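For Asn66, Met95, Tyr124, His163, Ser185, Arg186, Gly187, Asp226, Gly227, Met228, Arg229, Glu265, Phe292, the entry in Swiss-Prot reads substrate binding site, with the evidence type sequence analysis. Residues or ranges marked as Zn(2+) binding site in Swiss-Prot: His269, His333. Under the heading [4Fe-4S] cluster binding site, Swiss-Prot lists Cys408, Cys411, Cys415, citing sequence analysis as support.
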Amino acid sequence: MTQMEMARKGVVSDEMKKVAEYEGVDVEIVRQKLAEGRAVLPKNKLHRIERPMIVGEGFSVKVNANIGTSQGFSSLEEEKEKARVAIEYGADSLMVLSTWGDLREIRRAIVEMSPVPVGSVPIYDSAVRSYQMKKNVVDFSEKDFFDMVIAHAEDGIDFMTIHVGVTRRVLDRIKSSRRVLKIVSRGGAIIAGWMIKNNRENPFYEHFDELLDIAKDYDITLSLGDGMRPGAVVDASDAQQFEELFVMGELVEKAREKGVQVMLEGPGHVPLNEVEMNVRLMKKIGKGAPIFLLGPLPTDRAMGYDHIACAIGGALAGYYGADFLCYVTPSEHISLPDVEDVREGVIASKIAAIVADVARGNKKAWELEKKMALARKNFDWETMFSLSLGKDVAKKKYEERPYPDKGCSMCGPFCAIKIAEEFS
């Protein structure tokens, strides 16, 4: 049985118990949300996960970190280090998005070492193999679509991005759209290219039932990818984006009927004033399914600092109901991220998630804020560092300019906390 099927039958799995304990909620709440499809618990039957996560309504906002190789940069050891650092700094899941080297070796190695759920985009493998053999990114068969899904499932992947909403109808509209950037989703572009080359419908859409059978066999959580997501704020919230969303909304019901866990992926470039509308519309059309957003970025002019833009958009999106934030690194739109970029990206998105949790009244988040306030009141630096996401940076800065008495070198003897304590 899948986690959803177990939940519907009143069965409480070990993973449900673990996430309930982490969230600080009764396990019955976890079971109920999973049964309704308003939350997902990604866990392939073949992957042993030490730190499972629950994503969805009523639970803390989660953060995903993307790692993976690219042409000219395909070191397995570097990817393993990225994974280690991402997890150390609080990533709730990883996605392996490699496009060069031995893709299966890299994927299996990350799954084996990861204590958190691991996701992937199977269509990348089809495109990479096609390019390496034929120098053509979309020269592969319909069978390859599903063979790669099975291969990823067998390797223990817990959730998969499947760009099922890129249909012929949606694609016809994009050709005549006024978008500056027509398609920016790599998976969406690969599938669109294949459809145009072969004059065929998207196999993932046409044979969605077959995809559901595979997902059910392994208990893969399907993340319905937004291949038509806007790639710039000037293209946000257009007809192409929403038409694809309506297709995805229809397929949510099909997945639930099959007992397959499903979530929706959302836009990555959205002006701040449109974030609430996008999140609420996704929740409505997706019938309450969890929402997985890339960012979102509320400006396109933050190159080198896109992780900061991401944190701003992500905090607001999380407040309005987004459940799962995919991090963005300082290298976004520039280059393949290195280990330091991964660290910075995770911290930025974790800050966004925490800000959203506090604003949403999450009990655990508020308890930690109270602990930090008390630590500051008592000048308990070690507790302050331990509660901070960037504890190593905070400690380094404190030690670089030490102050011999209570307080720090910012205020010295003019510390407001000390003065208030002395004269109150």
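Cβ from N, Cα, C; glycine included.
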| What same-chain residues, at least 6 away in sequence, bring their CB to under 8 Å of the CB of Gly227 (substrate binding site)? | His163, Gly165, Val166, Ile183, Ser185, Gly187, Gly188, Ala189, Ile191, Ala192, Glu244
| query | Tell me, by DSSP, whether Gly187 (substrate binding site) is helix, strand or coil? | reply | helix
| query | Which of the binding-site residues Asn66, Phe292, Cys411, Cys415 has its Cα nearest to the Cα of His333 (Zn(2+) binding site)? | reply | Asn66
| query | Between Tyr124 (substrate binding site) and Cys415 ([4Fe-4S] cluster binding site), what is the CA-CA distance rounded to a whole number of Å? | reply | 55
| message | Within a 10 Å radius of its Cβ, which of these binding-site residues (Tyr124, Phe292) has the fewest neighbouring Cβ atoms? | response | Tyr124
| task | Other Cβ atoms within 10 Å is the metric here; tell me which of the binding-site residues Cys408, Cys411, Cys415 scores highest. | result | Cys415
| message | Test of understanding: give the count of other CB atoms lying within 10 angstroms of the CB of Ser185 (substrate binding site). | response | 23
| query | Expressed to the nearest Å, what is the distance separating Cys415 ([4Fe-4S] cluster binding site) and Asn66 (substrate binding site) at their Cα atoms? | reply | 42
| request: Around the Cβ of Arg229 (substrate binding site), how many other Cβ atoms lie within 10 Å? Please give the count over every shown protein chain. | output: 27
| Which one is it: of the binding-site residues Asn66, Arg229, His269, Phe292, whose Cα lies the shortest distance from the Cα of Cys408 ([4Fe-4S] cluster binding site)? | Asn66
| query | Of the binding-site residues listed here (Asn66, Arg229, Phe292, Cys411), which is spatially closest to His269 (Zn(2+) binding site) when Cα positions are compared? | reply | Arg229
| field | Check: same-chain CB within 8 A of [4Fe-4S] cluster site center, minus Cys408, Cys411, Cys415 | value | Tyr403, Gly407, Ser409, Met410, Gly412, Phe414, Ala416, Ile417, Lys418
| Asn66 (substrate binding site) to Cys411 ([4Fe-4S] cluster binding site) - Cα separation in whole Å | 40
